[in-house]
Amino acid sequence: MIFVGSIISRGPAGTLLNNPCKPCLLAIITSCNAVNSRFCPGEYPSYRQEWRMLSLEDRQAYIAAVQCLSRSPSRLGFNGTTRYDDFVYSHLAVSDDTHGTPLSLPWHRLYVQIYEDALRRECGFNDVLAYWDWTLDAASDPTQSPIWSSEYGLGGNGTAPENCLLDGPLADLSPQYPEPHCLKRNFAAQGMYGAEYTAPIVEDIVTNSTTYHEFRERLETGPHRFIHLGIGGEMPELWSSNDPVFFLHHAQIDRLWWLWQRQGANGRFRGYQGAIDVEEVLKFSGLADDLTAGDVVSTETDALCYKY
């Protein structure tokens, strides 16, 4: 049995662990891109850890890298937009193909990795992206999670009437999609729907979903959806990645897929029963080179090379 809320990686925090190809995804180098290679190029993969496991200094380093990305000019060439906005544009451009479809999990897995690589290559981020395990907050009050700290987190709720974020390190962010506006949050009055993503609910999804289709549908329409609705503001919209908490949330979704893949005697790395065409291309509208779904079915390949 897996108690999802208690699973926290024990690997070394904040290290790349001899992974020479970790920064290569944004501008793929031939020697780093042996497509369909089954193993990481270095001796060890990186280890993603839960936000609470990071030191306060590491949390601030991540926030500083996000601020850097939000102040850097777009590399897609759109005037008046930032490098951070490039990620929102990509998410919007392919939304029909990557939400509510079998490609949702592999596309977002790679999308989050591209984001992590940008923080590292372009903004001096020397650590590993964290995930937010919201099951640890669901049983009490998710609005009090340390993720919302104004000093060592991503800031708290928005303020009426516009629900703009006025405190914390991200209050100055000015998203440009779908039009220029303040960064918005509007926590749901029902405790951010915490009852919908408790540890027992998530454990049942991970341990008792026998097919990829069942697992993906239960996760996407259940806990994944209620986190977006519970945070409100940007998060229920197609431009949800305007809010940097999006990436920590989707790292958690990816972690749950990673856990599900390890269920059963032989794992479920290829047990998709036709749900995914592993040759189908994951498109990013210029954000990064396209790869196939098969390239990211495992996190321990050249393209990704990380564990939880």
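Placement of Cβ uses the backbone N, Cα and C atoms for every residue, glycine included.
Just so you know, TrEMBL annotations never went through curation; they're auto-generated.
The structure displayed is predicted, hence computed values, not measured ones.
TrEMBL has this to say about the protein:
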DOMAIN    243-254  domain 'Tyrosinase copper-binding'
Overall pLDDT of the domain 'Tyrosinase copper-binding' (243-254), taken as the mean: 99
Helix, strand and coil counts within the domain 'Tyrosinase copper-binding' (243-254) (DSSP): 10 helix, 0 strand, 2 coil
